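Enquirer: Mind having a look at this structure? Questions to follow.
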Amino acid sequence: MVTPHINAKKGDFSDCVLMPGDPLRARYIAKNYLKNAIEVTNIRSMLGYTGRYKGHRISVMSHGIGIPSSLIYVKELVSEYNVKKIIRIGTCGTVIEHININDIIICLGASTDSKVNRLRFHDNDFSSVADFYLILDLFNSANNAGIKINIGNFFTTDLFYVKNDKLLDTLQRYNILGIDMETAGIYSLASELGIQVASICTVSDHILKKDQMSYIDRESNLNNMIYISLEALILKKV
């Protein structure tokens, strides 16, 4: 069924979907990792593809920037296309000294400054956590490949351009490994919809060290994260 934001037909998506924020990253994954990949949606230049990875049917669909955008696509994929498992593959910032650019972080749970979860959870705090078994699959996938990962909590923010030293100090004190703009919202919606979800991000910005990844690398130099995620999706199907 065509939705206001996705023009794929029923059955065009696998029940397992990788979701980067960047449409160009979705295209990169489809071209470089999936066999016989076809474009199944392109409304508003939000690209989605379905193909085969090691014989298994996998889809990749971009979700845009921020909680509101990402929740639109997650909701429609689950409600209209019967998606059961989603891995968000993105980039994130950090304020943790031992974390560096290009390091990979698997997110266990995410706090947020967004009002979205409170609006949906009757003004109460919602515990936004990943699916345990999908986290375990990501961990085992990385371990099998010998790829170093970090596992910990995220802070999801509505504001990309903001200077708040007190907040950064708090994130350090609570050992918040990653800062992004989507995970807390995606985790809460996945809980409501009853699907498996996890978020894995490559560090693109170190806020304290004032170091950042180039825009080219943000599109295409995330191969370890992509490989871990694809392997995790098929781990129990082998």
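Note: Cβ is positioned from N, Cα and C throughout, glycine not excepted.
According to Swiss-Prot, the protein carries these features:
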| type | residues | note |
| --- | --- | --- |
| ACT_SITE | Asp205 | active site, proton donor |
| BINDING | His5, Asp180, Met181, Glu182, Ser204, Asp205 | purine D-ribonucleoside binding site |
| BINDING | Gly21, Arg25, Arg44, Arg88, Ile89, Gly90, Thr91 | phosphate binding site |
| SITE | Arg218 | site 'Important for catalytic activity' |
Enquirer: Which one of the recorded positions (His5, Arg25, Arg44, Arg218) has its C-beta surrounded by the most other C-beta atoms within 10 angstroms?
Expert: Arg25
Enquirer: Got a sec? Which of these binding-site residues, Ile89, Met181, has the most Cβ atoms within 10 Å?
Expert: Ile89
Enquirer: By Cβ count within 10 Å, point out the most packed of the recorded positions listed: Glu182, Asp205.
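Expert: The residue with the densest Cβ neighbourhood is Glu182.
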Enquirer: Listed phosphate-binding residues Gly21, Arg25, Arg44, Arg88, Ile89, Gly90, Thr91 - what's their greatest C-alpha to C-alpha distance in Å?
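Expert: Among the residues the record ties to phosphate, max Cα distance equals 22 Å.
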Enquirer: Within 10 angstroms of the C-beta of Arg88 (phosphate binding site), what count of other C-beta atoms is obtained when all protein chains are considered?
Expert: 26
Enquirer: Based on Cα coordinates, which of the following recorded positions are within 10 Å of Arg44 (phosphate binding site): Asp180, Met181, Glu182, Ser204, Asp205, Arg218?
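Expert: So the list reads none.
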Enquirer: In the three-state scheme derived from DSSP, which category covers Met181 (purine D-ribonucleoside binding site)?
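Expert: DSSP call for Met181 (purine D-ribonucleoside binding site): coil, neither helix nor strand.
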Enquirer: Pull out the binding-site residues from the set Gly21, Arg25, Arg88, Ile89, Thr91 whose C-alpha sits within 10 Å of the C-alpha of Ser204 (purine D-ribonucleoside binding site).
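Expert: Qualifying among Gly21, Arg25, Arg88, Ile89, Thr91: Thr91.
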Enquirer: Which whole-number value in Å describes the distance between the Cα atoms of Asp180 (purine D-ribonucleoside binding site) and Thr91 (phosphate binding site)?
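Expert: So the alpha carbons of Asp180 (purine D-ribonucleoside binding site) and Thr91 (phosphate binding site) sit roughly 7 Å from each other.
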Enquirer: What three-state secondary structure does DSSP assign to Arg25 (phosphate binding site)?
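Expert: Note: Arg25 (phosphate binding site) is helical by DSSP.
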